[in-house]
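Here is the structure we will look at, set down as structure tokens.
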Amino acid sequence: MFRTMLGGKIHRATVTEADLNYVGSITVDQDLLDAAGIYPNEKVAIVNNNNGERFETYTIAGKRGSGVICLNGAAARLVQKGDIVIIMSYVQLSEPEIAAHEPKVVLVDGNNKIRDIISYEPPHTVL
């Protein structure tokens, strides 16, 4: 049996752009993708902390060190520049793999620069 588990997360990133006329997806600074173990074109879930919207799309690698978080296409209707989002990828793991699995949780500052990388979130943690 396989279970769907958190693979990587970019926690509380600030939306820098929203481009309605782009074909689709989310553009993310390549440094953030690497740190979270998320690949270009990988399916991700997005949560908008400002309005509660949850949606799925895929990633496009943005310029390294740019801090870019840009929602493209229809997803641009669900965010505004300055909104705080959580970007999550998931992995399929077998029961034996679960015990050794540690997700990569990337904590960022207000400029989308890496503040810390953790693998465990205790209950009721405020980050």
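For all residues, glycine too, the Cβ spot is worked out from N, Cα and C.
The Cβ of Ser25 (active site, schiff-base intermediate with substrate) lies under 8 Å from the Cβ of Thr57, Tyr58, Thr59, Ile60, Asn72, Gly73, Ala75, each on the same chain and at least six residues away in sequence. The feature active site, schiff-base intermediate with substrate is assigned by Swiss-Prot to Ser25.
What Swiss-Prot lists as pyruvic acid (Ser) is Ser25. According to DSSP, Ser25 (active site, schiff-base intermediate with substrate) is assigned to a strand segment.
Per Swiss-Prot, substrate binding site is recorded for Thr57, Gly73, Ala74, Ala75. Around Ala75 (substrate binding site), taking its Cβ as the centre, 22 other Cβ atoms fall within 10 Å, counting all chains.
Swiss-Prot lists Tyr58 with the feature active site, proton donor.
The Cβ of Ala74 (substrate binding site) lies under 8 Å from the Cβ of Leu20, Gly24, each of these being in the same chain and 6 or more residues away along the sequence.
Comparing Cβ neighbour counts within 10 Å across the recorded positions Thr57, Tyr58, Gly73, the minimum falls on Tyr58. In this entry, Thr57, Gly73, Ala74, Ala75 make up the residues listed for substrate, with the farthest two CA atoms of the set 10 Å from each other.
Each of Gly24, Ser25, Ile26, Phe55, Leu71, Asn72, Ala76, Arg77, Leu78 belongs to the same chain as Thr57, Gly73, Ala74, Ala75, is absent from that list, and has a C-beta within 8 angstroms of the C-beta centroid marking the substrate site.
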